[in-house]
Amino acid sequence: MTENTTARLLIIGPPGAGKGTQASRIAERYGVPAISTGDIFRANITGGTELGQRVQAIIERGELVPDELTNEIVADRLSQEDARGGFLLDGYPRTVDQVHALDGMLDGAALDAVILLEADTDEVVARLLKRAELEGRADDTEEVIRHRQEVYAEQTAPLIALFSERGILVAVDGLGSVDEVAERIATGLDARLAATAGR
């Protein structure tokens, strides 16, 4: 990657597909910050900021953080100096409305690539059950884990269709060792970014 090349990236994949692990590798490889909405929420809650208090109150009521608030947080983060040359978003956008909000934030610029980590549901469920057992998460039953997978599939299907239509989807098999998956992502992304640079 040359100095003047930007990489505006997004990673999506089902819970348990190893998104977080791959996100940090991608961010390091392309020299961009990995921006996770979950991490931003947690940092604000821990720091006791006004935003953190608002988010905590919503979560304690068992509600989802509304789009407007999430959009505000992402817009603020993307306006920071280190995100000028690109970024890797994880956990946002989750809805088509959020995609349109992101388009607005990018102000005419576009996402360069969307990495879709694909993983067989049964494999991922088995992986998460094993993790729950190791970490003593009794509430992570197979039923709960499968429900999360269904919610993910329903939520992201329209996004996958939209990004595919835009020609920026890089689908990668998310099963295998961390290094194997990272290598597949790098190969797919390099090809996609080379095509973007040639536009």
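Cβ coordinates are placed from backbone N, Cα and C, and glycine is handled just like the others.
Looking at 36-65, 66-95, 126-155, the range annotated in TrEMBL as region 'NMP' turns out to be 36-65.
Just one of Gly176, Gly188 is listed by TrEMBL for the same ATP site as Gly16, Ala17, Gly18, Lys19, Gly20, Thr21, Arg131, and that one is Gly176.
Only Arg137, of the binding-site residues Thr37, Glu63, Val65, Tyr92, Arg94, Arg137, have a C-alpha within 10 angstroms of the C-alpha of Arg131 (ATP binding site). Residue counts for the region 'NMP' (36-65) by DSSP state, with H, G and I taken as helix and E and B as strand, are 22 helix, 1 strand, 7 coil. Distance between Cα atoms for Thr21 (ATP binding site) and Tyr92 (AMP binding site): 16 Å, as a whole number. For Gly20 (ATP binding site), other Cβ atoms within 10 Å of its Cβ number 15.
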